[in-house]
Amino acid sequence: MSERWQRVRHHPGAVAALFLLPAGFGFVVFYLWPAIRALWMSFTDYNVLRGSGDWVGLQNYQDLAADPLFWHSMRVTALYVVLNIGVQTALALAMAVMMDRLTRSALVRGVLVLPWLIPQVVVGLLWLWMLDPRLGVVNHLLDWVGIGGQDFFGSPAQVIPTLAGVNTWRFVGYTALLIFAGLQMIPRHLYEAAALDGAGEWRTFWRVTLPLLRPVLALVLVLSVVGSFQVFDLVQVATGGIGGQPGGPANSSLVIYVYIFRHAFNFNNAGYAAAMSAVLAVLLAAVTFFIMRGLRGSRSDLA
Amino acid sequence: MTSTTTASTDRPAVPRRPARKPRRPLRFRLSRIAAWAVLVLLMAGTLLPFYWILRTAFSTNSALFTGDQSVLPAEPTWVNFRRVLGLASPEEVRAAGGSGAELQFWLYLRNSVVFATLVTVGQVTCCAMAAYAFARLHWRGRDAVFYLFLSTLMVPPIFVLIPNFVLLSEVGLLDTFAGLAAPYFFMTPFMVFFLRQFFLGMSSELEDAARMDGAGHPRIFLRICVPVMAAPLTTAAILAYVMAWNEFMWPLVAGSDPSVRVLTVGLSAFRSGQPQAAPDWTGLMAATVLGALPVVLLFLAMGRRIVDSIRFTGLK
């Protein structure tokens, strides 16, 4: 081995470059470059079939601001996120606190996290069947208790709450486990001290657990809100009826991902789709910033 | 995990707060029972839908269409699984209420296995190397590059989906396994972050000893880090596999051709393929069971590992 090779071999920068080569290639080719290209596309009338596009300046962004369906899909998505995250986080927090008090059993945690591991497509099909207006078991049970059958995915008013419910079913166990991991980091002696001071469960939860959980909760909220904004598989599979167009009935479940997807691949309107994705990216960055800021997520009271 | 108050009731000799003692244990026990009841209910709510898929998959369509809601399968049968696996005769298929065009289950299964395996092998290897560079090597600009990698976590997948699709069509890799796996093969920001956490926690003693013996970085990585990190690397591989298996949007656009179509995409097409006919629920549920089976088996074998890893996915 030559002396020069020896020098290169031990130069920290050269070694690091070698180890970063494969991942760096993937980063540049499939993340960095496409991100730049998508931004460029958003200023063109790019068409996927034609494989090219001409510069149109801010046209796509102006169209988007005046597109009622875009704003409709944003409202639909926001409603979905609020319903989904509200129920899911509250339920997951309760589950995590209960697990923290009752058991460390891997079986319990395993069962609760199981739906998270199943493909969303499968989850969608499963609930499509369970919630089928005519033959589904849920309506059968509702009939039995006297509430009467519901349309669920087939009803413009119910489709978003139904989707939020299904997604909650899939993610609540996973979310609970994340919070559970955070609860485990709270020193036990703080609970003992609270008990000695005569604080009950409720008071301990509000005064000890929740404040100390704040950074974890902020992170969990960011992960689940950002993920929830990007719901796609479930809507694509479970809405629109058999053979119908996803996002239905009558666009009442047209979440932003489905709308973007439609423009990019059904309407050959990739430039417009890219512009909407760019707006979504900025929105998600802002949401992340405000959650972290609002909950002071990067600072812990434990330190 | 009982608190000190219940412990003190066992030993009445050391009453710390005698005033509260008589009431608290009972209330405590009751709330414990109530909490267990809620937890069991939640577990039942998680598991029952899975049971219902199985129950439907073992029923016949004709029994379902009469509105049979019995807890056990209506007219128990294996025919749906045999239909999905292509083992049933055309007469059987028609009798069971299936359509002529069946799901090409074996093909899609093979495609899912190829796709998920390619992604897992590439991603874990490349990201482990990157994690080594970010955690065990010291070089200028390291943290800046790491945060640049990490920042891609904030980019919504659909934003890069369109250009990646265009890129594949430009280089002629649409509807190939290479093209399908490529965006996940080299790295995902999550995997780099996940593995870096473990590499940061590694003790440097072995590393130092190896360096004393004149081992270079490639050898330290292969002979020291990989064996020491075997457990987290396995966890990472499981997570990568499950995520690839569940992937839907990307294979939907980049691998729509049947020769590379994966199970998730195949299952969704199975549903939309029959607009007029009554949906073949039992066949669909049998396919769903088989489609989720690999993940469930993996979970039964490695469940604890997955469950224990979850704390690292979002938190330090």
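Cβ coordinates are placed from backbone N, Cα and C, and glycine is handled just like the others.
Automatic prediction, not curation, is the source of TrEMBL annotations.
The domain 'ABC transmembrane type-1' annotation in TrEMBL covers A:70-291.
The transmembrane segment feature in TrEMBL is assigned to A:12-33 (among others). For the transmembrane segment (A:12-33), the list of distant contacts is empty: no same-chain residue at least six beyond its ends comes Cβ to Cβ under 8 Å.
If you look up TrEMBL, you'll see A:78-99 (among others) marked as transmembrane segment.
Residues annotated as transmembrane segment in TrEMBL: A:111-130 (among others). Sequence-distant contacts of the transmembrane segment (A:111-130), counting only residues of its own chain at least 6 positions beyond either end whose CB sits under 8 Å from a CB of the stretch, comprise 95, 136-138, 153, 162, 166, 169-174, 176-177, 233-234, 236-238.
Packing against the transmembrane segment (A:212-232) from elsewhere in the chain are residues 77, 80-81, 84-85, 88-89, 92-93, 163, 167, 171, 175, 178-179, 181-183, 185-186, 190, 255-258, 261, 280, 283-284, 287-288, 291-292, 295-302: each is 6 or more residues past its ends and has a CB under 8 Å from a CB in it. Look at TrEMBL and you will find A:212-232 (among others) tagged as transmembrane segment.
TrEMBL lists A:270-292 (among others) with the feature transmembrane segment.
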